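Asker: Below is one structure. I have some questions about it.
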């Protein structure tokens, strides 16, 4: 079946046009296109058309913690949020450190069929930081794993990290680092600063992140490797990234929506929903992260979507499991923090939420131009809509959103994966 998207503005630019999708590709773009007899018509008058979003950092919890999320519910949240591809992190149970697990995740994602679920392979066996996994076997498997990370913990041994970068370079795959020097964060649950001191919470210094980013930039330089920094959170990290890029080092970085919008003032409530790793930092850090995303020092937005069940969050702050939902709220938070103040345009949104992450992960069919003949991985956005976040109404199996009851701008009105409508008007299209 073909799909006709009526009255849309590609990249939010120019006059309204119709876009005809047929056989998984963009077939025609132009004003007042004829409606094919079998076409599914989407009235998107005045809406913005973007390439489907790509999330380099999600936690879908399958296998092992399906009570908090699974690939089906996570895929639904992703499609409703405008995503056509997501990367599922390796800290599952069992850990995704072998083709048995990574291929399962890939096949399950294909079975659900709402987004392309790309498994992230572990860098070290069991995330223990001691022995490299068989990255080559995972890359050669059905999932063709192209990114590896011990996210949740840092590959803190510099020799292991150096060997991982060298191994990855030979395979043409990417190492994504959770930048946290663990000896600086023992017992830490909040950003090290006045707020943590006032609340009596153990502090997590910026240097724990900055020191690993600096170290890994140098290791990547010497190995001739690519390295990707997960969830940058500190202003000092921005300065290190800028220095490394100026040196020609192949380093990329992501920022989460929650680090763009929120800061550690929220911790005053002691609500476990606000506990996340790395922690919410000071308002000045959020300002620096927004500017870095606008300037291209930070390359992309990634959600770090991390579902947790109620019993894991509704406890005292230090005992709460770290992490927040992000897939369905990501676009709206980026619009509020970046588009509304004029830091990014809609074309820039395509760059940081689709094109750059697809390029970083080397996905050939995602983040493509909105042109005839290109794959129809598409997101339609109503830029003028507003909505109120209610965790219980989100598609995720968990409800741990830090944006509960917030009014946010912009809604995803349709998502298409290879020409198939996966989500429309807030509902999944199976």
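Just so you know, glycine gets a Cβ as well, placed from its N, Cα and C.
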Asker: Swiss-Prot has 57, 59, 151 binding Zn(2+) 1. Which one of 299, 304, 348 is in the same site?
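Answerer: For the Zn(2+) 1 site that includes 57, 59, 151, Swiss-Prot also lists 304.
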Asker: 151, 178 bind Zn(2+) 2 in Swiss-Prot, but which of 104, 107, 118, 231 does that record place at the same site?
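Answerer: Between 104, 107, 118, 231, Swiss-Prot records just one in the Zn(2+) 2 site with 151, 178, namely 231.
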Asker: What is the Cβ neighbour count of residue 60 (substrate binding site) at a 10 Å cut-off, with all protein chains included?
Answerer: 31
Asker: Including all protein chains shown, what's the count of other C-beta atoms within 10 A of the C-beta of residue 308 (substrate binding site)?
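Answerer: So the Cβ neighbour count for residue 308 (substrate binding site) comes to 26.
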Asker: To the nearest Å, how far is the Cα of residue 60 (substrate binding site) from the Cα of residue 304 (Zn(2+) 1 binding site)?
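Answerer: Residue 304 (Zn(2+) 1 binding site) has its Cα 10 Å from the Cα of residue 60 (substrate binding site).
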Asker: For residue 178 (Zn(2+) 2 binding site) and residue 151 (Zn(2+) 1 binding site), what Cα-Cα distance in Å is obtained after rounding to a whole number?
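Answerer: If we compare the Cα positions of residue 178 (Zn(2+) 2 binding site) and residue 151 (Zn(2+) 1 binding site), the gap is 5 Å.
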